[in-house]
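Novice: Handing you a structure now.
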């Protein structure tokens with residue numbers, strides 16, 4: 001069959017008629033200069049990926065940057081907002097109620113540039129929890145009131161599970177357990193930041209996360225279209241009828257019925273639009289001469305709440321499982337991290353089954369858990385995650401991987417105390433040994449984005465991530481530096497620590513609640 005050429009902006013794109021050709025081109029590009037221990041793994045993983053993923057983007061050196069700290073993330077956000085010319089599009093769980101400086105920064109950008117448009121997508125339950133007091137919705141409403149919804153399009157996604165008796169019975173403090181808009185996308189013109197961080201003061205100061213900046217118009221366009229699609233399944237903040245109020249509507253322009261009116265029809269319409277987006281995206285395949293591009297990035301997402309139960313077209317879970325199941329020899333290592341350590345059983349099983357000689361799991365110490373010494377029921381969450389860590393170590397022992405897989409707790413001071421930090425990073429790194437140093441591992445694959453790889457991430461929430469595969473030595477060194485920066489605040493934890501340290505004792509009630517409510521954590 002002949003191949004048709006689709007003319008777009010650089011990098012070039014081509015429509016592919018054969019999935020086998022698609023896979024072989026990527027293999028030639030990546031394996032030609034890849035570190036030799038990783039070649040066979042790369043060949044296997046690219047064959048596997050082509051069955052599941054329809055879209056990828058090629059990057060040249062210096063088109064991906066890793067942001068080092070919360071303060072750098074905040075400074076970069078403000079800088080990008082101020083310099084944006086055409087569009088700012090942001091997806092986050094929530095906007096902190098004290099973030100007036102960020103709102104002012106956006107307002108100033110809109111004032112000085114009449115061509116600029118701003119799009120926000122937040123979670124509708126988390127973003128309105130404090131109403132009528134100050135909250136995400138009231139802050140965004142002030143922008144809409146000043147500039148109008150034509151220039152400031154603010155959307156609030158509400159899970160379709162928030163319906164019927166659940167809407168009436170479940171208190172505001174707990175309704176987030178039904179499902180959330182959890183994507184973290186920060187787009188500015190032709191650049192985009194993918195992260196796990198939200199928009200509040202702790203994420204800008206002392207809450208450890210990860211942040212990658214991608215400089216590509218095509219990549220930014222993809223996430224902008226994704227942002228707009230999920231926004232079209234969401235409520236909109238429009239100009240209030242009374243100054244200071246918040247006016248939230250379901251726009252007639254939305255392509256689906258309001259979920260509160262007909263949940264089944266909403267899911268049918270939304271899932272079809274999502275499936276169309278994921279399928280149409282297969283036509284955006286960047287192809288170039290072998291070796292020209294050093295990095296390939298695959299967007300992967302999880303939209304389980306919007307798909308029928310047995311017809312989930314999401315791409316994240318299957319991709320993560322493929323990454324891990326294709327590790328077949330000891331020349332590959334991995335590091336896994338999640339601040340909220342309630343790992344999906346299938347992912348855990350795949351991690352434990354890998355034939356690694358050295359691998360790390362990084363999770364938050366109880367003293368770095370954002371719920372440490374919080375009020376009410378949430379004060380039990382650090383204990384719940386501690387219990388899950390112990391169960392993981394028991395599984396490691398059961399698999400006879402005690403010498404190969406190390407659980408490490410991250411701690412930097414004590415959260416909510418002077419100079420104390422919390423831990424919110426999540427991700428996966430897959431590494432090979434550096435050819436120049438037989439004792440050193442260097443990543444050539446990482447996953448960056450919003451997912452905590454938990455049971456709820458694959459059942460209740462909307463997640464978006466990116467899988468990066470690279471042979472760019474500078475980027476690999478940056479990835480290694482990022483990982484080392486996290487590891488420097490960790491210490492290994494063993495089953496013996498749980499036996500000897502009374503502070504690691506978890507009560508029976510917390511254990512039972514963790515087992516019952518595990519899907520919500």
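Using N, Cα and C of the backbone, Cβ positions are placed for all residues, glycine too.
Small disclaimer: the values here were computed from a predicted structure and weren't measured.
What Swiss-Prot records for this protein is below:
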- 91, 92, 93, 94, 95, 96, 97, 98: ATP binding site (BINDING)
- 177-203: domain 'PLD phosphodiesterase 1' (DOMAIN)
- 182: active site (ACT_SITE)
- 184: active site (ACT_SITE)
- 189: active site (ACT_SITE)
- 419-457: domain 'PLD phosphodiesterase 2' (DOMAIN)
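Map the listed features onto the structure and describe their local environment.
Specialist: Cβ neighbour count for residue 91 (ATP binding site): 26 (other Cβ atoms within 10 Å of its Cβ, all protein chains included). Secondary structure from DSSP puts residue 91 (ATP binding site) in a beta strand.
Across the domain 'PLD phosphodiesterase 1' (177-203), DSSP assigns 5 helix, 11 strand, 11 coil.
Same-chain residues at least 6 positions away in sequence with a Cβ under 8 Å from that of residue 189 (active site) are, in sequence order, 84, 85, 86, 87, 220.
With DSSP classes pooled into helix, strand and coil, the tally for the domain 'PLD phosphodiesterase 2' (419-457) is 0 helix, 25 strand, 14 coil.
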Novice: Using Cβ atoms and a strict cutoff of less than 8 Å, what residues sit near the domain 'PLD phosphodiesterase 1' (177-203) while being 6 or more residues removed from its termini?
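Specialist: Same-chain contacts beyond the flanks: 67, 70, 73-74, 76-77, 80-81, 83-96, 98-99, 102, 121-126, 157, 159, 161-162, 166, 170, 209-217, 219-220, 223-224, 226-227, 230, 234, 301, 305, 370, 422, 424-427, 448-452, 456-457, 460-466, 517, 520.
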Novice: In whole Å, note down how far the CA of residue 184 (active site) lies from the CA of residue 94 (ATP binding site).
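Specialist: Between the alpha carbons of residue 94 (ATP binding site) and residue 184 (active site) there are 10 Å.
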Novice: For residue 95 (ATP binding site), just count the other CB atoms lying within 10 A of its CB, please.
Specialist: 24
Novice: Fewest other CB within 10 angstroms, which one of the binding-site residues 93, 94, 96, 97, 98?
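Specialist: So among 93, 94, 96, 97, 98, the binding-site residues given, the one with the fewest Cβ atoms within 10 Å is 98.
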Novice: I need the CA-to-CA distance for residue 98 (ATP binding site) versus residue 184 (active site), whole Å please.
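Specialist: If we compare the Cα positions of residue 98 (ATP binding site) and residue 184 (active site), the gap is 19 Å.
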Novice: In which DSSP state, out of helix, strand and coil, do we find residue 96 (ATP binding site)?
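Specialist: Its secondary structure by DSSP: coil.
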Novice: Work out how many Å separate residue 92 (ATP binding site) and residue 182 (active site) at their Cα atoms, rounded off.
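Specialist: Just about 6 Å between their Cα atoms.
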